[in-house]
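S.K.: Straight from Swiss-Prot, here's the annotation block:
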- 136-195: ATP binding site (BINDING)
- Q275, E287: Mg(2+) 1 binding site (BINDING)
- Q275, E287: Mn(2+) 1 binding site (BINDING)
- 109-317: domain 'ATP-grasp' (DOMAIN)
Amino acid sequence: MVKVLLVGGGGREHAIGEALVKGGAELYVVSKHKNPGLARIAKDYGLARETDVEKVVEFAEKWKVDFAFIGPEAPLEAGVVNALEERGIPAVGPTKEAARLETNKAWAREFMERNKIPGRKLFRVFDDPKEMKEWIDEFGKPVVVKPLGLTGGKGVKVVGYQLKDNEEAKEYAEYLIRKDGKVLIEERTDGVEFTFQVFSDGKKVVPMPLAQDYPHAYEGDVGPITGGMGSYSCSNHLLPFITKSDWEKALETLQKTVEAMYKEGYPYKGILYGQFMLSKDGPVIIEYNARFGDPEAINVLSILEDNLVEISERIIDGNLRDVKFSNMATVVKYIAPQGYPENPIKGVRIEVNEDKIREEGARLIFASIDENYTLLGSRALAVVGVSENLEEAEKIAQSAIRHVKGPIFYRKDVGTRESIEKRIKIMKSLRGDFDVNSC
């Protein structure tokens, strides 16, 4: 049996763990709190901060694992892959240097510029408030202001959304320069965002089905940005507003990225996630993530037909082949504590009827919750509906939520026809009429 160490204890990692066990792995987990879903399927469980590299390596050596699979971004930034590889333990996940695609936004933008990656945005990095203000005034169009490190997607502010105008953008950018020493300013791109995740063996990429995330806290895409309140994917692995040509361009961006990383001496092995904006001119890369999306990992792993252990071994050995996914639609809805993300309640027990959820045909994924169903303050559970069409998948996920009771909060509109029509409408306003893909 292949012994696999999984680092991380969120919903994404529960989905990864289930896929590894289904592929025949003997699973070992290290995370800062015990995920009840992972605890049920793991041979052993080590409690430690995922960024405590020495501790992670210690567990890996104690359990004599064959390889590691890294779930979240923080341990990648901490260099957990480098440390494991130094001890002869291969990993699915990029080294600290390769993970800069996510962990250092300025480096990533400069890398894209150096290598002429298609779909890149206009950007500037500033450490001088005066220069920054002059540039924004001269640019004269709406901008996006981004902090440079890992922010869990929460520090990015866009003119016309979180910022009233470029004047407010200058104030926020100045605050970030004072706080972090630097700030990243980009042109604003209008359109609809989508997620394109690929497996990478260092030289080539293999695509997964596209997904679309719902980052805003509240229905109708308003409110603060969260880690993601849910996501959907379509049975044809595209999205209703994406053409085959858009898909090919986005894939080219990711393939060229991996080729350029190899050329620069940082072979990228693991999962690469491109967050794209579909603009009127085609897909623009908003940012990279150096790991699976959470929730989008749950969508794609729910319909993975091939064996994740074998895929992982091929990533490590550098000989990836195409990967098969079933032609099913998926809807993932996250359940969070009331008050999330700004002021979530914690320490309260909720009722979860797992048998009834299964009877609805849904899967239950555990995240920030303990084995007594006590809320730990972040997204707690995800319910997953899988069916031949999106309506049916959404119904399954929605009906499962009835069997979770307590001070919870979720978005009813994730994966609904209305919410998707809204996105199609945005694209039609930018591109004119087009043939919509069925989902």
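Every residue gets a Cβ built from N, Cα and C, even glycine.
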S.K.: Which whole-number value in Å describes the distance between the Cα atoms of L176 (ATP binding site) and Q275 (Mg(2+) 1 binding site)?
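M.R.: Per the Cα atoms, L176 (ATP binding site) and Q275 (Mg(2+) 1 binding site) stand 23 Å apart.
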S.K.: Which state, by DSSP, holds V144 (ATP binding site): helix, strand or coil?
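M.R.: Reduced to three states, the DSSP call for V144 (ATP binding site) is strand.
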S.K.: Far apart in sequence but close in space: which same-chain residues, 6 or more away, have a Cβ under 8 Å from V144 (ATP binding site)?
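M.R.: Result: V156, K157, V158, V159, I185, E186, E187, R188.
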S.K.: Looking at the binding-site residues E168, E287, which sits with the largest number of other Cβ atoms within 10 Å of its Cβ?
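M.R.: Compared across E168, E287, the most Cβ atoms within 10 Å surround E287.
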S.K.: Tell me the Cα distance separating G160 (ATP binding site) from Q275 (Mg(2+) 1 binding site), rounded to the nearest angstrom.
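M.R.: Their Cα atoms are separated by 20 Å.
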S.K.: When DSSP is mapped onto helix/strand/coil, what comes out for V192 (ATP binding site)?
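M.R.: V192 (ATP binding site) sits in a strand per DSSP.
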S.K.: If you average the pLDDT over the domain 'ATP-grasp' (109-317), what number do you get?
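M.R.: The average pLDDT of the model in the domain 'ATP-grasp' (109-317) works out to 96.
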S.K.: According to DSSP, which of helix, strand or coil covers L184 (ATP binding site)?
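M.R.: In three-state terms, L184 (ATP binding site) counts as strand.
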S.K.: Measure the Cβ-based neighbour count of Q275 (Mg(2+) 1 binding site), defined as the other Cβ atoms within 10 Å of its Cβ.
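M.R.: By my count, 20.
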S.K.: Could you list the residues of the same chain, at least six apart in sequence, whose Cβ is under 8 A from the Cβ of L184 (ATP binding site)?
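M.R.: Once residues fewer than 6 apart are set aside, L184 (ATP binding site) is near K105, A106, R109, F123, R124, V125, V145, K146, P147, L148.
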